[in-house]
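The annotation domain 'Enolpyruvate transferase' is assigned in TrEMBL to 7-417. The 3-phosphoshikimate binding site annotation in TrEMBL covers Lys19, Ser20, Arg24, Ser167, Ser168, Gln169, Ser195, Asp312, Asn335, Lys339. Feature annotation from TrEMBL assigns phosphoenolpyruvate binding site to Lys19, Gly91, Arg122, Gln169, Arg343, Arg385, Lys410. The active site, proton acceptor annotation in TrEMBL covers Asp312.
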Amino acid sequence: MTLTDLSHCQGEVTLPGSKSIANRALLIAALCAEPVVLHNVLRSDDTARMLEALTALGVSINEQDATTLVVHGCGGHWRNTTQRLMLGNAGTAMRPLVAVLAATLEPHQRIVLDGDARMRERPIKDLVESLRAQQAPIDYLGDPGYPPLGIAGGLQPGDFVIDGSVSSQYISALLMALPLLPADSTLTLSGEVVSRPYIDLTLAMLRDFGIDIITVTDHQFRIPGQQAYRSPQNYFVEGDASGASYWMAAAALGGGPITIHGVGQSSIQGDIAFAEVVEAMGADVSWGTNQVTVRGRGALQGIDFDGNQIPDAAMTIAPLALFARGTTIIRNVANWRVKETDRLAAMATELRKTGASVKEGKDYLVIDPPQIWQHAHIDTYDDHRIAMCFALAGFSTAGVTINDPGCCAKTYPQFFSEFSRLCNLPPVA
Ligand SMILES: O=C(O)C1=C[C@@H](OP(=O)(O)O)[C@@H](O)[C@H](O)C1
Ligand SMILES: C=C(OP(=O)(O)O)C(=O)O
């Protein structure tokens, strides 16, 4: 898809449901003993993998309409445990399922969790070792430290320790699983903890489903055992705040205004903080009930930003940097290297194609905008966020061609049709 010389991008857009919330809600609802009606569920590759996995485990899930699903949970007593579950590249399916299955399977039951080629390269060792230290029988069936994994029941409550410096998803996974054990546990986080707002998101959702977790310190939780997930009957999935970052950026570049429906200032998603980034770079942000409006103010200014708390939305700073005055630094994002692709390397390579000057460090990027723009053919590495970020380079007169824009289906299948609509382009086939 080629995008060139976009000037206006304005109007109203309604976000799809959050991937992070939808996949947590599906799994948690499956752990309830009573049905839960989930509203505004994202339908995308990542949620499809979770839905398929839960269905294979024997959970019945009915569609009331495309985004309203009724989950008939089985209280953690899975009806079918002879499966190999294929989880694609959905971190939010793989990581929680490892811990939850370890906590809920019987010792004689065994499940294999596997994913696509990239998932087999994404580390899971810290999580597996923490579970194994508490007697969970988990085997590496391929390369040690990576999926596929064979998992059986047998996990014991006790004092869990986990390194939080690679992925917060490991910690969220343990927080979801440990309340189901027959006695109390503690969970201690070692190392620098990345992506902390996703841990807070997990804690907020666990509360909504009746689970009690005591935060002892920033690095320790006490988790009473023998708890049961309780159905709130209805649960509403907020719009995807990471997805909102592309619209905020498009408004900052094209003037907007763009009103984004589905998240508000009090969102439980950390990525909503991207609004402060576009404000700092040169846009006006105004909040309404469950909505935010962004207007560009003209020239953007480069920024020096620590992306550790919001690694997904922080990617959207990179295309803004192409249009900003001065240098932009995105720092403290080492774990970009273990996501859909090595995002530090991919981002640096693709930004350079526009004429930008980019320094790629171990855990940071330094970006200076192009002095002379070149038309860039962007490779997307099967990474939805690379595809969506580079749509924004379409605001240059040289423009971009994005290879395989369809990879945005991981979290935002409608992204390019919505982008075309707001920028007044011919509809995407
Ligand atoms: O818990 C979650 O829903 C997520 C946590 C983050 O991963 P890390 O904790 O691995 O940074 C984020 O990048 C991912 O898209 C979703
Ligand atoms: C890192 C991401 O996904 P995952 O949930 O697979 O980790 C992402 O959506 O940017």
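Keep in mind that glycine also has a Cβ here, set from the backbone N, Cα and C atoms.
Annotations in TrEMBL come from automatic prediction, not curation.
Locations of recorded TrEMBL features on the structure.
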| residue | record | Cβ within 10 Å |
| --- | --- | --- |
| Lys19 | 3-phosphoshikimate binding site | 26 |
| Arg24 | 3-phosphoshikimate binding site | 24 |
| Gly91 | phosphoenolpyruvate binding site | 24 |
| Arg122 | phosphoenolpyruvate binding site | 21 |
| Ser168 | 3-phosphoshikimate binding site | 25 |
| Gln169 | phosphoenolpyruvate binding site | 24 |
| Ser195 | 3-phosphoshikimate binding site | 22 |
| Asn335 | 3-phosphoshikimate binding site | 20 |
| Arg343 | phosphoenolpyruvate binding site | 25 |
| Lys410 | phosphoenolpyruvate binding site | 23 |
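Between the alpha carbons (Cα) of Asp312 (active site, proton acceptor) and Arg24 (3-phosphoshikimate binding site) lies a span of roughly 17 Å. The Cα atom of Ser195 (3-phosphoshikimate binding site) lies nearest to that of Gly91, taking the binding-site residues Gly91, Arg122, Arg343, Arg385, Lys410 as the candidates. Among the binding-site residues listed (Lys19, Arg122, Ser168, Ser195, Arg343, Lys410), Ser168, Ser195 have a CB atom closer than 6 Å to some atom of ligand 1, in sequence order. Here the binding residues for 3-phosphoshikimate are Lys19, Ser20, Arg24, Ser167, Ser168, Gln169, Ser195, Asp312, Asn335, Lys339. Their largest Cα to Cα distance works out to 21 Å.
Across the structure, Gly91 (phosphoenolpyruvate binding site) and Lys19 (3-phosphoshikimate binding site) place their CA atoms 11 angstrom apart.
Mean pLDDT of the predicted structure over the domain 'Enolpyruvate transferase' (7-417): 97. The binding-site residues close to Lys19 (3-phosphoshikimate binding site), defined as a CA atom within 10 A of its CA, are Lys410 out of Gln169, Arg343, Arg385, Lys410.
Within the set of recorded positions Arg24, Ser168, Asp312, Asn335, Asp312 have a CB atom less than 6 Å from some atom of ligand 2. Sequence-distant contacts of Arg385 (phosphoenolpyruvate binding site), defined as residues of its own chain at least six apart whose C-beta falls under 8 angstroms from its C-beta, comprise Ser242, Asp312, Met315, Thr316, Glu340, Arg343.
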